[in-house]
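Contents: one structure, followed by commentary.
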Amino acid sequence: MTQPGQTTTTSHEAIDAFKRIVGDEHVLTSERATMPFSKGYRFGGGPVFAVVRPGTLVEMWRALQVSVDNNLIVIPQASNTGLTGGSGPGFQDYDRPIVIISTHRIDEVHLINDAREAISLAGTPLTHLTDALAKHQREPHSVIGSTSIGASVIGGIANNSGGSQIRKGPAFTREAIFARVNDDGKVELVNHLGISLGDDPEVALDRLQRGEWSPEDVTPAPEDSNETEYAEHLRKIVPSPARYNANPEYLFEASGSAGKLMVFAVRTRTFPREVHPTVFYIGTNNTHELEEIRRLFLEADMPLPISGEYMGRSAFDLAEKYGKDTFVFLKFMSPALQTRMFSFKTWANGLFSKIPGIGPTFADTVSQAMFSVLPNQLPKRMMEYRNRFEHHLLLTVSESQKAASEKMLKEFFAEPEHTGEFFICTSDEEKSASLNRFGAASAATRYAALKRRHIAGLIPIDVALRRDDWNWLEVLPEEIDDQLEVKAYYGHFFCHVMHQDYVAKQGVDLEALHDRIQHLLEERGAKLPAEHNYGRIYKLPESMEEHFKELDPTNTFNAGIGGTSPHKDWA
């Protein structure tokens with residue numbers, strides 16, 4: 001059996017073919033050179049035969065043809081965020097060598113229909129799309145969060161990323177252009193982009209990259225709005241989750257494909273940019289008060305808030321201490337610079353990982369030491385609330401909703417049984433609160449990396465709770481709690497999507513503990529995962545496995561995802 005990193009005569013021929021297509025410098029084969037692509041941000045990592053970095057859609061198409069002709073497993077990768085390890089290989093019993101086709105160099109955006117829609121090519125990062133739309137007073141589906149680690153537009157679509165924008169729902173489109181490998185093992189191009197590009201694959205992809213089409217070649221845009229049908233779906237307080245990765249309503253071709261197709265471009269809606277939103281910072285020691293506020297706003301006869309983000313005190317503290325570098329870069333510099341620094345950190349960690357006594361977290365250790373000398377970066381009122389309240393909610397509303405929302409909150413907290421408080425953020429407090437909330441995920445990862453010699457590891461849980469669940473914040477049994485060093489809770493509260501990070505004590509069986517926590521959540525009617533997809537840590541349900549088999553009948557793409565067979569033809 002050929003292992004992922006092994007080579008054969010045929011494999012050498014494939015390397016030569018890749019080099020003819022993309023150039024020698026864009027075909028990586030050494031362990032050090034491929035590690036930034038093969039090792040995930042949190043999970044995943046294993047040997048690969050090669051990383052190929054095409055610079056055009058046509059090169060991408062040709063590299064795929066070579067891979068299929070040489071019986072290689074193909075992992076399409078736009079941005080190796082690897083939150084659950086799904087953007088790279090795992091340590092599985094693969095029967096073919098693995099090639100990662102990294103699309104990072106293909107990052108163009110084409111705005112169409114008066115910027116009401118965007119065509120994002122294979123490797124377009126969210127930061128590029130955000131910048132392109134800002135000139136037109138528009139914004140994409142995702143506004144902040146995964147943008148800070150360089151996440152891509154297509155990665156969001158492929159994984160049904162939800163994000164903080166509660167009016168918009170999961171990242172989803174029915175319009176994409178992609179390649180699949182059919183039952184006969186042949187590569188075919190499918191153009192469902194809604195743009196006529198011709199029948200020849202290479203001509204079509206070249207025209208797409210150059211934006212060469214006329215207005216009559218493009219189907220009309222949908223009606224403009226600052227929300228999708230998800231908004232009304234979310235308002236229903238019913239015993240089922242609002243959104244989760246296995247929801248069939250959000251699985252269509254590229255959407256939710258999890259790397260089981262080679263996606264060249266997606267067409268997505270854009271939204272009017274929010275001008276002068278208001279952020280209410282809410283603190284309480286009673287979880288039911290936050291749920292009452294959630295239902296109050298969901299049931300109100302007014303537009304939904306823009307976002308409602310939860311953060312517990314433990315997550316707050318982790319973000320303040322271990323996410324300070326991310327906070328500073330994003331607050332005082334730019335997401336684009338943070339993305340470059342993230343890439344540099346990954347490269348540096350890979351470079352120093354083989355040096356005895358240094359290990360795989362060199363860049364994290366240096367960054368943590370440098371930024372720890374800075375004083376606390378958070379505003380005074382936020383720190384006061386941190387000391388007084390266990391639970392924090394960042395409620396963001398449109399300018400037109402400010403007065404009504406403030407009135408609702410004042411009346412709510414005026415009732416004697418309610419013990420929490422709120423304040424309206426200044427512009428500085430608004431930015432700081434948002435960055436601290438979205439720094440929580442990277443902070444938990446940083447903490448676990450720096451403490452790796454003294455802990456068993458990190459268990460991240462990504463869960464969609466029932467929309468009617470009053471007891472949304474779990475209380476773990478003592479026998480589980482005793483196995484944990486740290487636990488942190490944060491999430492998209494109005495959607496009842498929680499991110500729950502657990503750092504397990506040394507000697508704990510991580511897989512068994514993960515399964516136990518997942519079982520407890522599922523007993524409560526929750527669905528896992530919610531928005532980070534299955535990757536290498538969640539087992540696919542049968543319905544998802546059948547869906548992936550329809551997309552990829554020969555198991556050419558991202559084989560082994562979600563605990564499925566890594567073998568050809570799903571053997």
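Note that Cβ sites are derived from N, Cα and C of the backbone, with glycine treated the same way.
If you check Swiss-Prot, you get these features:
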BINDING   Ala78, Ser79, Asn80, Thr81, Gly82, Gly86, Ser87, Gly145, Ser152, Gly162, Val263  FAD binding site
DOMAIN    44-273  domain 'FAD-binding PCMH-type'
Binding-site residues (Asn80, Ser87), the one with most neighbouring Cβ atoms at 10 Å = Ser87
Ser152 (FAD binding site): tally of other CB atoms within 10 A of its CB = 29
Message = Averaged over the domain 'FAD-binding PCMH-type' (44-273), what pLDDT does the predicted model reach?
response = 93
Key: Residues that sit under 8 angstroms from Val263 (FAD binding site) by C-beta distance, when 6+ apart in the chain   = Pro76, Ala122, Ile154, Ile157, Ala158, Ala176, Ile177, Phe178, Ala254, Ser257
Task = Using DSSP with the three-state reduction, classify Ser152 (FAD binding site) as helix, strand or coil.
result = strand
Inquiry  = List every residue in the same chain as Ala78 (FAD binding site), at least 6 positions away in sequence, whose Cβ is under 8 Å from its Cβ.
reply    = Ser87, Ser102, Thr103, His104, Ala122, Gly123, Thr124, Ser152, Val153, Ile154, Gly155
